[in-house]
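Enquirer: Before we start, here is the structure in question, set down as structure tokens.
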Amino acid sequence: MRYDEAANFLLDLRRYGPKPGTESTADLLASLGDPHQDGPDYVQIAGSNGKGSTARFTESILRAAGLDVGLYTSPHFDDVRERVTVNGRRMSKAALTTFIETITPYVTERAADGAAPTYFEVVTAMALWQFSRADVDVAVLEVGIGGRLDATSVVDPSASAVTSVTLEHTDVLGETIPEIARDKAHVAPAGDTPLVTATTDDALAAVRDHAGAVRTVGDTAGRDVTATYEGRTNHTEAAVSITGDDWSVATEIPLLGDHQAENAGVAAALARQTAGVDDDAIARGLRSAHWPGRFEVMGADPVVVLDGAHNPGACGAVAETVAEFDYDRLLTVFGAMHDKDHGAMAAALPTPDHVWACEPVPDRAEDADVLAAVFEDAGAGTVSVTRAVESAVADAIAEATADDLVLVAGSLFAVAEARTRWTRTFAETDVDSLDDARDALERAHVTPPGVWRMRGKGVHRVVKTRVQTRQAQYLKEELLSLGGECSVSGLNAQSGAMVDAVMMATMAQFKRLCEKLDGQPYGLSEVGADLRESLGIQAAPATHGYPWEGERTAVMGILNVTPDSFHDGGEYDALEDAVARAESMAENGVDVIDIGGESTRPGADAVSVADELDRVLPVIERISDLDVLLSVDTRKAEVARQALEAGADILNDVTGLDDPEMRFVAAEYDAPIVVMHSIDAPVDPDSDPDYDDVVDDVIAELTERVLLAEKAGVPRERIIVDPGLGFGKSAAEGFELLDRADEFHALGGPVLVGHSHKSMFGAVDRYPDEGGYATAAASALAADRGADIVRVHDVPENVAAVRVAEATRTGADAE
């Protein structure tokens, strides 16, 4: 079974309406051998609002404590696999295909009997199956509807929570707050473990009546856990303080709003019940818990906020948080489903000066004209109808001044479509043969007949992206009319689905395509603008004075002032030796010197902030007058800050912004920052992560890390991406990353390849000098494949290698 067949089979199950009860899920799991029975500890989180954020907070805290954690949430933004993650990585396509192939006979048989499991039941079973396979320590489950009859209640939780209760799904859960609260309280764990809840008044009384023992969370006196919102500390974070009987945490969270402090308090209480985590893990976990589309601030000047508020209560919470910002005008983009109380939602939101009513793709979306009438009745200033969410967002941002605030709300579906403005990538693929064309098409899950038919037409410029199904169809029609080609994933039968599209054309055809997309519906104008920028059509590349700009590949020399680095540990830990090495690098043509005070080799000991500063600061101060840029290789924001103060120019973070403060340091000092993809740092030699396609998967995972830096205020041109050769990749995967380095330009910034003396070169049986010869060869290949920077230990031979590659590409000066 191919992935597109498996995904279509799964998504087709949405034709079966939801049904309450756990029996169908239990039967499906029984057909798989009940993988959940001997699985991890389960944490089950129910609630009308806040359950997804609380689940993400809980997962992040437990991971910060060193546990392997599965997370099951809904809905997804772009890909159904987002619902099932292990240690932050979504389920692989191969795993999903294996699961669907396994259950297909069972589901088909049950469907023939008129008792097919529903989409949500199957995805829930898939999550539990995946968590068992991955042998996670804890699985955090977000409840779908209610608690008593939800598919997730097939497990016996060791800890659980009810975040909040509002009137919702009254046809299933009951018509009053107490009835709904009692239903949700059925997630309570067995035994003496109290159910954690932030409910109040009648809801709390009903929860207590059913669950018995409860642990209450809130910001009022008498709560077992006090969670206090201290207000924003910057445009993306807020301070919170959380206090229990014998513990207390003060930290920042990346989700704004008073209600998020309560969610954080619930998560902290759950994590302590589940694993006895310490205060430091709670603080680090909460600050690292990024959750797209939940009052997500995409940047400043103007402030742009995405929030999936989809009912009056959630809209009221958004209004309270928006009130924390100073702004001149409020520009709102609103799209909602037809079964929501639009009047109450509009009344709960702050009154906009200008609102754009729009229609997300799903069939359930309310007509934009209806929403426009609702906001006219609610007293909005100017009311416009722009049906495509992407176009509405573009119009709002275009109208906004630096002092305005743009708010996108009404539905997570609307937010998902809006978010593509920041997450869409166009990956260019080198296609020099029929085999290259076939591989590019197969990676996008084009059907085998389509691959056979189209491969001969792809031996030229090939660009892959993800777009809505209706956008893909339009791209296909327009490119065909221009003489180009466009193949779309076989996963194309679902209304509103995001699908891979591979466009094949000459640059002239791409130029005409962008012109034809301008002014078209469905957000295609924005797709065209992004494509034009990505391909550099009619745009001279911007320059900022960095040595990696233009056709030139810069060489970054590694200067480890450590006793235990994997290649040169101990050689330059004496100050004078380090200075002499730096001077030699500069004489031999290095562009950047990267100074590291902590090793990331397997088994390396952690280094304190003080010790790392003692190692790197004296070196930076002594060599700051060299005519090269200085970089500091560190995982710690405080080391980064002091290094920049001492004269460093660039930050190099091998953890990909694991320290939540790192991105803000880079923004504050206007410093370029290297964001690396790493599974573990230091390297764990036993780590063997699954990749469907290592390049596509690393780009997808780096997209969110790059976006974190951008939201903090670091522009894309200063975010250098490093695919992380050797960090959670096999030798074969390392060579694949090297060969396709140019595809990482899809992320919008320079690309760094760090391959120096890596063990991957042992796979070609040419390691006579611990990989030095192989490193120089790979540097030439990296430069030829589009790398902007190569990071190496040995400067002279690698400078020569990249300059030869440069001369081959651009020509040599006859002088």
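Along the chain as shown, the residues are counted starting at 1.
Every residue gets a Cβ built from N, Cα and C, even glycine.
Source: prediction; values computed, not measured.
Swiss-Prot lists these features:
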BINDING   Gly47, Ser48, Asn49, Gly50, Lys51, Gly52, Ser53  ATP binding site
BINDING   Asn560  Mg(2+) binding site
BINDING   Thr600, Asp633, Asn652, Asp722, Lys758, Arg791, Val792, His793  (7,8-dihydropterin-6-yl)methyl diphosphate binding site
DOMAIN    553-803  domain 'Pterin-binding'
REGION    1-416  region 'Folylpolyglutamate synthase'
REGION    555-815  region 'DHPS'
Enquirer: Just the number: how many Å between the Cα atoms of His793 ((7,8-dihydropterin-6-yl)methyl diphosphate binding site) and Gly52 (ATP binding site)?
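Expert: Per the Cα atoms, His793 ((7,8-dihydropterin-6-yl)methyl diphosphate binding site) and Gly52 (ATP binding site) stand 45 Å apart.
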Enquirer: So what sits near Arg791 ((7,8-dihydropterin-6-yl)methyl diphosphate binding site) in its own chain, CB-to-CB under 8 Å and at least six residues off in sequence?
Expert: Met556, Ile558, Asp594, Asp722, Leu752, Val753, Gly754, His755, Ser756
Enquirer: Can you figure out which of Thr600, Asp633, Asn652, Lys758, Val792 (the binding-site residues) comes closest in space to Ser53 (ATP binding site), comparing Cα atoms?
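Expert: Checked the binding-site residues Thr600, Asp633, Asn652, Lys758, Val792; minimum Cα distance to Ser53 (ATP binding site) goes to Asn652.
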Enquirer: I need the nearest neighbour of the residue listed as 'Mg(2+) binding site' among the binding-site residues Gly47, Gly50, Lys51, Asp633, Asn652, using C-alpha distances.
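Expert: Smallest Cα separation from the residue listed as 'Mg(2+) binding site' among Gly47, Gly50, Lys51, Asp633, Asn652: Asp633.
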Enquirer: Highest CB neighbour count within 10 A among the binding-site residues Gly47, Gly52?
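Expert: It comes out as Gly47.
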Enquirer: Helix, strand or coil by DSSP: which one applies to Gly47 (ATP binding site)?
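Expert: Coil, per DSSP.
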Enquirer: At the level of the C-alpha atoms, what whole-angstrom distance separates Asp633 ((7,8-dihydropterin-6-yl)methyl diphosphate binding site) and Gly52 (ATP binding site)?
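Expert: Between the Cα atoms of Asp633 ((7,8-dihydropterin-6-yl)methyl diphosphate binding site) and Gly52 (ATP binding site), the distance comes to 35 Å.
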Enquirer: Roughly how wide, in whole Å, is the group Thr600, Asp633, Asn652, Asp722, Lys758, Arg791, Val792, His793 that binds (7,8-dihydropterin-6-yl)methyl diphosphate, by largest Cα to Cα distance?
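Expert: Max Cα-Cα spread across the (7,8-dihydropterin-6-yl)methyl diphosphate binders: 18 Å.
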Enquirer: Measure from the Cβ of Ser48 (ATP binding site) and count the other Cβ atoms within 10 Å, all protein chains considered.
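Expert: Neighbour count, Cβ to Cβ under the 10 Å cut-off: 24.
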Enquirer: Using all protein chains in view, find how many other C-beta atoms are within 10 Å of the C-beta of Asn560 (Mg(2+) binding site).
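Expert: 26, counting other Cβ atoms within 10 Å of Asn560 (Mg(2+) binding site).
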Enquirer: Given the binding-site residues Asn49, Ser53, which one's Cβ is surrounded by the fewest other Cβ atoms within 10 Å?
Expert: Asn49
